[in-house]
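According to TrEMBL, the active site, nucleophile annotation covers 10. Residues or ranges marked as active site, proton donor in TrEMBL: 12. Residues or ranges marked as substrate binding site in TrEMBL: 10, 11, 12, 18, 19, 20, 21, 52, 53, 54, 55, 109, 110, 136. According to TrEMBL, the feature Mg(2+) binding site maps to 10, 12, 135, 136. Sequence annotations record features per position, and here TrEMBL assigns Zn(2+) binding site to 91, 93, 106, 108. The site 'Stabilizes the phosphoryl group' annotation in TrEMBL covers 52. TrEMBL lists 109, 110 with the feature site 'Contributes to substrate recognition'.
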């Protein structure tokens with residue numbers, strides 16, 4: 001049986017409105033158009049996998065329970081549109097600003113590809129046929145480092161990173177436009 005294709009998604013600034021160190025459920029707000037874009041990806045047969053750096057945990061700004069509450073809320077909001085995220089992976093570490101066990105170099109913090117590689121192993125994903133969408137250069141680099149096709153969205157911090165994109169990486173106004181590009185390419189295959 002063929003391996004799955006996936007779209008890896010950064011969370012903050014890609015799925016939800018960017019809030020620095022989002023730590024409360026009531027601060028979570030989907031970016032307009034995101035549910036429709038995700039639904040189109042699911043209907044095209046892609047797995048949806050969230051990969052998010054959450055150094056606020058390592059910095060002691062919030063704990064893993066708060067993060068899980070936010071992810072549960074995200075799942076509930078998306079379920080209202082008939083969408084399920086297949087998996088969520090997070091990196092709580094920071095090499096300089098983390099505290100205790102969270103202060104360390106790790107393989108999971110983007111731009112390293114650890115979260116994508118772990119998801120590929122867990123969910124039988126073909127990284128070479130998958131995509132990474134995010135609003136930061138680190139997201140783009142994580143996708144490229146994992147062997148995916150990366151796309152930058154200009155929501156969140158994306159507009160600040162456009163000038164530094166690697167050759168061949170395209171930017172899109174939002175997730176809906178990035179999904180249009182993926183599905184257009186997918187239809188040609």
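In case you wondered, yes, glycine gets a Cβ from its N, Cα and C as well.
Bear in mind that the values here come from a model prediction, so they are computed numbers and not experimental data.
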From 10, 12, 19, 21, 135, 136: recorded positions whose CA lies within 10 A of residue 109 (site 'Contributes to substrate recognition'): none
Residues that sit under 8 angstroms from residue 12 (active site, proton donor) by C-beta distance, when 6+ apart in the chain: 18, 19, 22, 52, 135, 156
Residues within 8 Å of the 91, 93, 106, 108 Cβ centre (excluding the Zn(2+) site residues themselves): 53, 92, 104, 107, 109, 112, 114, 115
Cα-to-Cα gap, residue 108 (Zn(2+) binding site) vs residue 53 (substrate binding site), nearest whole Å: 8
10 Å Cα neighbourhood of residue 53 (substrate binding site): matching recorded positions from 10, 93, 106: 10, 93
Euclidean distance between Cα atoms of residue 106 (Zn(2+) binding site) and residue 136 (Mg(2+) binding site), Å: 19
Integer Cα-Cα distance in angstrom, residue 21 (substrate binding site) to residue 91 (Zn(2+) binding site): 13
Other CB atoms, at most 10 A from the CB of residue 106 (Zn(2+) binding site): 16
Secondary-structure category, per DSSP, in which residue 52 (site 'Stabilizes the phosphoryl group') falls: strand
Spatial neighbours of residue 91 (Zn(2+) binding site), counting only the recorded positions 10, 55, 110 and Cα distances within 10 Å: 55, 110
For residue 19 (substrate binding site), the number of other Cβ atoms found within 10 Å of its own Cβ: 14
Candidates 10, 55, 110 (recorded positions) - the one closest to residue 93 (Zn(2+) binding site) by CA: 55
